[in-house]
Structures are given as structure tokens and as C-alpha cells.
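Annotation comment: TrEMBL describes Thr43, Ser44, Val166, Thr183 as FAD binding site. As annotated by TrEMBL, D-dopa binding site applies to Tyr223, Arg278. Residues or ranges marked as domain 'FAD dependent oxidoreductase' by TrEMBL: 5-324. The signal peptide feature in TrEMBL is assigned to 1-19.
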Amino acid sequence: MAAPKVAVVGAGVIGLSTALCIAETCPSCSVTVLSDQFSPNTTSDVAAGMLIPHTYPGTPIHVQKQWFKETFTYLFAISNSGEASEAGIHLVSGWQVFKNTPKEELPFWSDIVLGFRPMSKAELQKFPQHQFGQAFTTLKCDCPPYLLWLEKRLKATGVQMHTRKVADLWELHSEYNVVVNCTGIGAHQLVGDEKLFPIRGQVLKVHAPWVKNFIRDGDGLTYIYPGIHRITLGGTREKESWSLSPDPGTTKDIFDRCCSLEPSLRGAQDIEVKVGLRPSRWCVRLQREVLSQGGVKLPVVHNYGHGSGGFSVHRGTAKEAARLVGECIAALQGSSSRAKL
């Protein structure tokens, strides 16, 4: 058969990195990214981009650990290269603090981040409301630069990018051999996934260059993540809320919570409010499916539902999605060569 045509629908971090993995693992493919929104207007642009995994109850831990390890290894190599600044990727050290000692003192990812250890009594004096903590160094992606860097890499490998609203995956069957669904929260409507729901996140981006360390409350709600130019202060986890409008009361609450962890933030300037809808479900949907109408078949690979953990596992799930695309193409080539017999 001629060069297989693959459409990746969605241009957030999952869509772009999946398209890149397909282009890298299947150089004979023609890959196109279709999305009605590109950076800076995607959910990924709002994300803090910190590599601290969120646990998916419906996905085996060893699988989640593999996804995280692949992502960490990939981004660590970029952070160690001349492209680190352009890609917006850097190492950041800091603390995760808990009001009560957690059941799991060693999370599954503790041996992948760098220098993971319990905090000392002296360090904990910085957080009088908290009695236990973990110190480690991890990676942070500044999201808009990273998405632009991915787009640049895609263009260099010959991937096409088109602004297009896809209302139904089937509409692509006459143009593409395989379709990859990376639409995030859009999959709720696009493929009618009732298991997918939004968790609204409101964050503040502020200028406070003196804050160098990340601080994260173990409940995952309050966090301070320094980027290259701005600091992300968060946050909220509002289940089933579809509102993209910033809430002033929430802004004040986030700011006050972050200042209780890092009082010097009272002097932060240039506060910008962002809202995004995390595409959440019991587990990431990463699987093959064949759509068919009237004897015509369209292989689809789904890769969505990463919730608040997308950046932490994006490269790992993209590699797996690319492997599934390879299986689809092998099956198509097998059936076309059989047809010739």
C-alpha cells in the first residue's frame, strides 16, 4: 500500500507528543495533526507541567511507573541539552509537605525523581503547619514554550498541522488510514465517553523571581511551581465543573493558601489568572478500536483521559499509542497484501 496516512486529532501535549512518536517510529507514515485549537489556546497551556505523577486507580502501578520513567528520561535528556531553554524544561528542587504522615511514605515514583528523601526536622521548621515532608528534585515544563518546541520538531519531521474542528472521527475515514484520538476533554462529546469528566483547575501565574524551590501540599490542592519566567500558584480540583471563567474569590483563596506556605509571595507582581479543564477518568484510555460502516473499516487509537497527570506521563503514553498505530498499519498492510493474492 502507499504511505499510510495517520491523522492525530488534538494539539495539546498528548496530541503533539503522540504525533512525534508516530513520526519517529513509523517514518514511512504521513502524519497530520488536526485541531480546532493550537497553543496558546489548549488546556495544556494552562497546566503547570510539573513531573509529579497523579495516580490512576484503574491503571496498574507498574504501567504508570513505566510511563513516568519514559517521560522523565526523555525530558531529562532535553534539560541536559542546548535546547533546554527553548523547550522550557528545567530541573527544580523542593518539598512536598503533609499535615499528617501519609500511608505511603515512599510513592511509586520516588526512585525515578532525583534525590528523594524524607525532610529533616530543620527543613520542616519552614512549614509549621506540617509534620512530615519529602524533598526531591524533578523536572518542570514551561508549557507554552514546550508545545511550540514540539510543533517545531513536528514540522522538521514533515508532519502537517491543520486547524480543523472534527465533529465525528468517521468523517476522516476517506482521507486517512488510521485516526488517533487525543482530544482530552473534547472526547466527552466527540466519542460520547461518559466515563470522562472535567476537573476544573484555576491557577495564577505570577512574577516572583526570588522563589526558587517548588512547594506542594500533599493534598495536591495548594502548590507553588517556579518556571523559567513565571511561577504557577494553584489550585483547584472542581469535579464536573465546565466553567472556564476565572472566579475572583477562588483567586484570593489560592493566593492566600500559597502565601501561608511561602509568605514572601505577598510581594508577587503581575498576577494572571488561568483556567483549564483536566480530562479525567478512572484510567487513561489507551486502546485500539475499529469503527465500521457499511463494510468500510477505520482503525482508531485512543489516547486521552490523563486528568491532572498528563505532563508526567505524556511521552510514555505517546510511545504506547505509536506502538498501537504501528499494529494498525501492520494489520492494514497484511490485509492489502492478502487482497492482492
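Every residue, even glycine, has its Cβ placed from backbone N, Cα and C.
TrEMBL annotations: computationally assigned, not manually curated.
In sequence order, Val9, Leu34, Asp36, Leu172, Thr183, Leu190 make up the list of same-chain residues 6 or more apart from Val166 (FAD binding site) whose Cβ falls under 8 Å from its Cβ. For the FAD site listed in the record, the two most distant Cα atoms among Thr43, Ser44, Val166, Thr183 lie 19 Å apart. Put simply, Thr43 (FAD binding site) is 7 Å from Arg278 (D-dopa binding site) when counted between their Cα atoms. Listed in sequence order, the residues of the same chain lying 6 or more apart from Tyr223 (D-dopa binding site) and placing their CB within less than 8 Å of its CB are Ala48, Met50, Phe214, Ile215, Arg216, Asp217, Thr232, Leu233, Gly234, Gly235, Cys258. For Thr43 (FAD binding site), the same-chain residues that are 6 or more apart in sequence and have a Cβ closer than 8 Å to its Cβ are Gly12, Gly184, Ile185, Gly276, Leu277, Arg278, Pro279. Within the same chain, the residues at least 6 positions away from Ser44 (FAD binding site) whose Cβ sits under 8 Å from its Cβ are Gly12, Val13, Ile14, Cys143, Leu147, Gly310, Phe311, listed in sequence order. Packing around Arg278 (D-dopa binding site) is summarised by its Cβ count: 24 other Cβ atoms lie within 10 angstroms of its Cβ, all protein chains included.
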